[in-house]
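Trainee: Swiss-Prot lists these features:
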DISULFID  C1-C6  disulfide bond
MOD_RES   G9  glycine amide
DISULFID  C22-C66  disulfide bond
DISULFID  C25-C39  disulfide bond
DISULFID  C33-C56  disulfide bond
DISULFID  C40-C46  disulfide bond
DISULFID  C73-C85  disulfide bond
DISULFID  C79-C97  disulfide bond
DISULFID  C86-C91  disulfide bond
CARBOHYD  N117  N-linked glycosylation site
Amino acid sequence: CYIQNCPRGGKRSYPDTEVRQCIPCGPGNRGNCFGPNICCGEDLGCYIGTPETLRCVEENYLPSPCEAGGKPCGAGGRCAAPGVCCNDQSCTMDSSCLDEDSERQRVSPDQNMTQMNGSASDLLLRLMHMANRQQQQTKHY
């Protein structure tokens, strides 16, 4: 189970069980499941509701708690990819996940040929923030 959706008693109902890494997913199993429909990896980014996430549903049926990602961020989330914070339900852009001192290793340019220069990365991050704000404004509660 994902730590956020474990059965009654939550992760504390498993006192003798260590929290394990959530199951791998995505191309070449280079990512980890963050929720039943979310697969993220340092060099993959995040897949949400795509075929790459199908395996993540299996985590709901495993009895021991798992936790994916790097350092805590956002509202109950963890850093999932550079600049991305995810919980078991959704992902948001989060600049704290760009921190050079994060618990996750940075991907070297020779491992990731799609890495952008600083200005392109900044522009993409700003566009994602604007899209996220616009999406939040259109939600009705």
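Cβ from N, Cα, C; glycine included.
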Trainee: Between C46 (disulfide bond) and C86 (disulfide bond), what is the CA-CA distance rounded to a whole number of Å?
Mentor: 9
Trainee: Which ones, of the disulfide-bonded residues C22, C25, C33, C56, C85, C97, have a Cα no more than 10 Å from the Cα of C91 (disulfide bond)?
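Mentor: Near C91 (disulfide bond), where near means Cα within 10 Å, the disulfide-bonded residues are C85.
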Trainee: Just how many other Cβ atoms lie inside 10 Å of the Cβ on C39 (disulfide bond)?
Mentor: 33
Trainee: Using only C-alpha positions, which one of C22, C33, C39, C66, C97 is spatially nearest C85 (disulfide bond)? These are the disulfide-bonded residues in the record.
Mentor: C97
Trainee: Would you mind listing, in sequence order, the residues at least six apart from C97 (disulfide bond) in the same chain with a Cβ closer than 8 Å to its Cβ?
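Mentor: The list for C97 (disulfide bond) reads G70, K71, C73, C79, A80, A81, P82, G83, V84, C85, given in order along the sequence.
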Trainee: Does DSSP put C73 (disulfide bond) in a helix, in a strand, or in coil?
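Mentor: Its secondary structure by DSSP: strand.
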Trainee: Count the other Cβ atoms sitting within 10 Å of the Cβ of C56 (disulfide bond), across every protein chain shown.
Mentor: 26
Trainee: Using Cβ atoms only, which residues of the same chain lie under 8 Å from C86 (disulfide bond) while being at least 6 residues apart in sequence?
Mentor: F34, G35, I38, C40, C46, A68, G69, G77, R78, A80, T92
Trainee: Distance between C25 (disulfide bond) and C33 (disulfide bond) at the Cα atoms, whole Å?
Mentor: 6
Trainee: Around C25 (disulfide bond), how many other C-beta atoms are within 10 angstroms of its C-beta?
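Mentor: Cβ-Cβ neighbours of C25 (disulfide bond) within 10 Å number 25.
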